[in-house]
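Note sheet for the following structure.
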Amino acid sequence: MSGGGGGGGGERQGGTAQELGETDSAANKREIVVNEESSSAIPYHYSNRHSLRLRNSAFIPPAPLAVTSTLPKEMGRWETVVLAYKTLGVVFGGLVTSPLYVYPSMPLKSPTEQDYLGIYSIMFWTLTLIGVVKYTCIALKADDQGEGGTFALYSLLCRNMNIGLLSSKQAQTNSSLSHSVLLGSTENKSRLGLFFERSIVARRVLLFIAMLGTCMLIGDGILTPAISVLSAMDGIRAPFPSVSKSLVEALSAGVLVVLFLLQKFGTSRVSFMFSPIMGAWTLCTPLVGIYSIIQHYPSIFKALSPHYIFRFFWRNGKEGWLLLGGTVLCITGSEALFADLGHFNRSSIQIAFLLTIYPSLVLTYAGQTAYLIKNPADHDDGFYKFIPATIYWPIFIISTLAAVVASQSLISATFSVIKQSVVLDYFPKIKVVHTSSNKEGEVYSPEVNYILMVLCVAVILIFGDGKDIGNAFGVVVSLVMLITTILLTLVMIMIWRTPPWLVAIYFFIFFTMEGVYASAVMSKIPEGGWIPFAISFILAFIMFGWFYGRQKKMEYELTHKIDLERLGMLLSEPGIQRVPGLCFFYTNIQDGLTPILGHYIKNMRSLHTVTIFTTLRYLLVPKVAAHERIVVNRLGLEGVYGCVIQYGYADSLNLEGDGFVNQVTDSLQVYIQNCSDSLTSDHEEVQEEISAFEEAKLAGVVHIRGKTRFYISNNCGWFDRSMLAFYEFLHSNCRSALPALGVPLSQRIEVGMLYEA
């Protein structure tokens with residue numbers, strides 16, 4: 001079926017093939033599990049004959065299986081070390097290459113020795129408190145089923161506290177089967193949690209904060225490659241002053257294009273290629289730093305005393321406060337440390353940061369500062385000037401390659417947060433390819449990749465000055481950190497139940513620290529800082545428009561859903577025919593049937609003799625075992641059945657030809673046969689039911705899904721009109737689910753229906 005469907009067609013919130021963007025091209029990276037089994041050998045699953053039946057006139061779908069699919073096993077010590085090595089090429093690029101542009105981004109005016117000591121003290125404590133304490137020790141523990149980032153924190157809060165704007169049933173449907181923290185009773189919830197559950201305004205503010213953090217991180221993914229590569233390539237102008245700035249910008253743009261073209265090979269392959277480069281950078285720069293310390297200022301580490309920070313601000317006042325807009329860049333890429341969690345694991349990231357990245361940065365900044373204390377006028381090129389002439393070119397080559405790798409960290413993080421947003425149905429459905437068979441978080445999106453590439457090149461060519469990009473970068477870094485602090489505080493209070501005094505200490509330290517940074521970078525908005533705001537506003541508008549339309553649609557479907565009692569009444573009406581054939585009718589409602597079914601029966605005056613209401617259910621496991629892939633049941637009406645197709649992130653749903661139909665029908669036949677064996681049933685009736693299947697298949701197979709649009713009446717306000725019109729535009733251009741099932745075009749039918757807004 002073409003286009004983006006509405007009410008049917010596997011559009012279950014957050015878990016269909018459409019929502020994950022599965023397409024035929026992804027199948028090449030997957031092993032087809034179901035198709036390997038003989039159709040007749042597929043075991044059935046049932047708890048009793050009526051596990052799917054009328055309960056208070058409600059449609060109860062088959063319960064999820066206790067999936068026995070093999071989850072990624074616990075890694076050994078050596079495997080964790082190898083994975084930690086791989087993180088160098090993906091996670092920490094933006095963070096460890098920040099010495100390229102931190103000092104050049106500061107508007108220093110005649111700096112003194114005391115100024116440099118104060119700046120180094122600020123950078124040291126920023127790296128220690130934010131990098132080590134906040135992200136490495138606290139944030140990495142607040143993952144949502146292995147995923148990190150601001151939207152993962154929001155998802156974690158929604159699933160555990162029932163504070164999402166969608167219904168709680170939807171939130172539970174989206175969660176993993178291994179979800180360990182169930183929604184507690186009112187008595188067990190914190191007062192803050194109850195406040196969020198009762199206040200729609202508070203929940204909307206929380207959603208806005210999460211969306212803003214996500215959009216800012218994507219903006220970070222645009223600016224990090226631009227400033228990293230441009231700063232590294234600018235080093236060629238020191239030995240060759242005749243090289244023009246335009247040539248440096250063109251070379252930087254070319255390097256970025258090559259980097260983005262490599263993304264399709266997946267994070268693992270890219271990290272394997274990039275990690276040696278980052279290993280060399282992480283080793284070389286602190287060695288140069290140690291040499292510089294010995295040569296220029298051996299007592300530099302006295303600046304670790306916080307009193308140098310107080311003296312710096314006391315002496316410089318407002319000018320010192322404005323310098324924080326450049327100082328904050330020393331922690332750039334720290335959010336990728338959290339957002340890239342899905343690509344690796346907590347232990348590997350912690351080991352890599354604490355044992356390599358953090359010591360490397362401390363020594364590199366110490367060496368830079370030691371050089372600048374003796375050469376205060378060189379701060380505009382604070383990195384390349386402190387490199388000894390004998391090793392200048394090797395370091396230049398390594399720094400250029402490292403800048404390319406630095407871009408990888410935020411690109412991978414952007415893929416992760418976009419994928420999270422798509423799965424949670426807060427972003428239009430785009431193509432998302434899983435590039436690893438055993439890491440659910442390792443994903444690649446071609447649409448996002450090429451949009452990022454165009455925007456990165458545009459930023460370099462339009463805002464070629466590194467200081468302007470640095471100003472924009474500072475805005476992104478500070479606001480994302482601030483949003484993460486707020487969401488982590490809510491997680492501590494409402495989920496972890498951390499003692500209040502510890503929460504107060506955490507919030508006071510980090511909110512104050514990051515708030516001061518944010519206030520300083522806000523003054524840079526006219527000088528390039530508007531770039532991330534513009535990008536974030538556009539992305540947030542897309543996210544909110546999609547979310548608003550989906551919420552309105554879900555409200556309509558839940559209000560007008562059809563239960564089995566209503567379906568029985570419709571089929572018993574005079575003139576309703578049961579026409580020959582086998583029909584797969586796709587539904588996305590978990591507690592009933594899509595209203596499109598009633599629309600179809602009333603207008604077509606018919607229903608196929610065998611109709612299977614089908615739902616696609618996405619599970620956060622690598623592969624679902626073949627015998628657990630298809631869950632089938634009777635619905636209590638003649639020729640009407642329920643089917644749930646369960647699949648993991650490494651499974652393929654592209655079943656060629658009639659494979660999909662055969663798998664489902666054979667599973668139903670085995671199920672019916674075994675039900676008749678376990679329960680005393682008339683053997684002839686069972687044989688007639690099985691024969692009906694065969695006759696229906698021979699008569700023809702059809703796949704029906706809904707394609708809905710909103711009917712905007714004159715009673716709608718301007719806000720509903722504009723937002724729903726925007727949603728319709730997004731919806732008509734997103735991907736469809738059914739092509740992933742390999743359904744032939746001749747068997748696809750779309751039933752159009754207008755939902756009244």
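Heads up, the Cβ atoms here are built off N, Cα and C, so glycines get one too.
TrEMBL annotations:
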COMPBIAS  1-13  compositional bias 'Gly residues'
DOMAIN    84-566  domain 'K+ potassium transporter integral membrane'
DOMAIN    580-755  domain 'K+ potassium transporter C-terminal'
REGION    1-28  region 'Disordered'
TRANSMEM  83-104  transmembrane segment
TRANSMEM  116-133  transmembrane segment
TRANSMEM  205-223  transmembrane segment
TRANSMEM  243-262  transmembrane segment
TRANSMEM  274-294  transmembrane segment
TRANSMEM  320-339  transmembrane segment
TRANSMEM  351-371  transmembrane segment
TRANSMEM  391-411  transmembrane segment
TRANSMEM  448-466  transmembrane segment
TRANSMEM  472-496  transmembrane segment
TRANSMEM  503-523  transmembrane segment
TRANSMEM  529-548  transmembrane segment
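Cβ atoms under 8 Å from those of the transmembrane segment (83-104) belong to residues 75, 123, 131, 224, 227-228, 231-232, 267-268, 270-279, 281-282, 285, 326-327, 329-334, 336-337, 340, 343-345, 347-349, 351-353, 356-357, 360-361, 364-365, 368, 372, 379-383, 399, 402-403, 405-410, 412, 466-467, 470 of the same chain, restricted to positions at least 6 beyond its ends.
Sequence-distant contacts of the transmembrane segment (503-523) (same chain, at least 6 residues past either end, Cβ-Cβ under 8 Å): 126, 129-130, 134, 138, 321-325, 327-328, 471, 474-475, 477-479, 481-482, 485-486, 488-489, 492-493, 529. Within the chain, the transmembrane segment (274-294) has long-range Cβ neighbours (under 8 A, six or more residues past its boundaries) at 85-90, 92-93, 96-97, 99, 300, 356-357, 359-360, 362-368, 370-371, 386-388, 391, 394-395, 398-399, 401-402, 404-405, 408. Within the same chain, the transmembrane segment (243-262) packs against the transmembrane segment (391-411): three or more Cβ pairs sit under 8 Å, each pair at least 6 residues apart. Spatially, the transmembrane segment (205-223) is adjacent to the transmembrane segment (472-496); three or more Cβ-Cβ distances between them are under 8 Å for residues at least 6 apart in sequence. By the Cβ criterion (distance under 8 Å, sequence gap of 6 or more), the transmembrane segment (472-496) is counted as touching the transmembrane segment (320-339), at least 3 such pairs being found. Here the transmembrane segment (529-548) has long-range neighbours at 165, 207-208, 211-212, 214-216, 218-220, 222-223, 421, 425-428, 455, 459, 463, 469, 471-476, 521-522, 723-724, 726-727, 730, meaning same-chain residues at least 6 beyond its ends whose C-beta is under 8 angstroms from one of its own. Confidence across the domain 'K+ potassium transporter C-terminal' (580-755), taken as the mean pLDDT and rounded to a whole number, stands at 80.
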